[in-house]
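Novice: What follows is a single structure, and I will ask about it in a moment.
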């Protein structure tokens, strides 16, 4: 278990004692946490149980209350997250938990326009939810827990935000829907506004990882990063023997880093995610640890065409973890077809009551 999270607990207990006597904390619950994990809210139990090899346990009893909190707990604060290319909000709960919200931008049955480059695609809320379920089915447990939620744009964002820049972007559409667009590099304008129906908006909420001041993370540039250019090719696209160089380069020259990377490649191929330019690890564990599978919003854009270039690392290195290979073989059997397992898993998400999170063509494309 992460050693630095004892510091997290100390910090939160200290903060809690201050919050109990602070009149400005009325929206938050009185904190009565102790060293007994039963007194902790689900998000804190999640933080405390992160290990060197995974974010959460197989059959983790905390998973249901955690996702339930994401889907139903009262929201007391909503501000725009700085950085990034598209609109994201940080939502806070009365028990001091926080979640990253990504709003619905695209209908379930829409496919990404073939004339768009991968770096111009929308981020999809249902892709974030589906990525969490697929990552868990593959046995990785490296995507932070995500749940779908119908958010009241007025009550749960507009009326409670202290973010003035965000507040200034709210408007009512010609048909009476409440909309906003925030500030970001792409798609933050009235032409690409996020709108409720008339005020209820589908969104994904992903539990936040421990604060960087308590659990620093290292960002790694992917060796198979795309060029992000309309005219240039990346080095791996022109050198068939590119993997030989990678395998001699730290941290890919020893340990499990290369097969960990291949796990991520397989996840991205199944999701059709071409936007994996970087990845992160917890610095506490050095190079001998799992890779965080973050930011999956550009996945599940197309179901009618596979993108074989995503598998270039696997093809060039011819390396795969044995447990991953066995899991893929299992999920190819008729009684355990990946599409069927995904359908059953996604059925548990609250937004499934609105509409299936992945269309049938997307599910069929997983097989």
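Just so it is clear, glycine is given a Cβ too, placed from its N, Cα and C backbone atoms.
The annotation active site is assigned in TrEMBL to 275. As annotated by TrEMBL, ATP binding site applies to 86, 102, 123, 206, 207, 208, 209, 280, 295. Per TrEMBL, Mn(2+) binding site is recorded for 123, 295. Taken from TrEMBL, the feature domain 'FAM20 C-terminal' covers 170-367. Residues or ranges marked as signal peptide in TrEMBL: 1-23.
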Novice: Using the residues the record lists for ATP (86, 102, 123, 206, 207, 208, 209, 280, 295), what whole-number Å value is the largest Cα to Cα distance?
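Specialist: That value is 20 Å for the farthest Cα pair.
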Novice: Whole-number Å distance between the CA of residue 209 (ATP binding site) and the CA of the residue listed as 'active site'?
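Specialist: Given the Cα positions, residue 209 (ATP binding site) is 21 Å from the residue listed as 'active site'.
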Novice: Please identify, from the binding-site residues 207, 209, the residue with the sparsest Cβ neighbourhood, meaning fewest other Cβ atoms within 10 angstroms.
Specialist: 209
Novice: Can you tell which of the recorded positions (123, 275, 295) has the fewest other C-beta atoms within 10 angstroms of its C-beta?
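Specialist: Checked 123, 275, 295; of these recorded positions, fewest Cβ neighbours within 10 Å: 275.
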Novice: Please give me the CB contact count at 10 A for residue 86 (ATP binding site), counting all chains in the structure.
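Specialist: For residue 86 (ATP binding site), the count of other Cβ atoms within 10 Å is 19.
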Novice: For the domain 'FAM20 C-terminal' (170-367), what's the mean pLDDT in this predicted model?
Specialist: 95
Novice: At the level of the C-alpha atoms, what whole-angstrom distance separates residue 295 (ATP binding site) and residue 275 (active site)?
Specialist: 9
Novice: Find the one among the binding-site residues 86, 123, 207 whose C-alpha lies closest to that of residue 275 (active site).
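Specialist: Going through 86, 123, 207 one by one, the Cα closest to that of residue 275 (active site) is 123.
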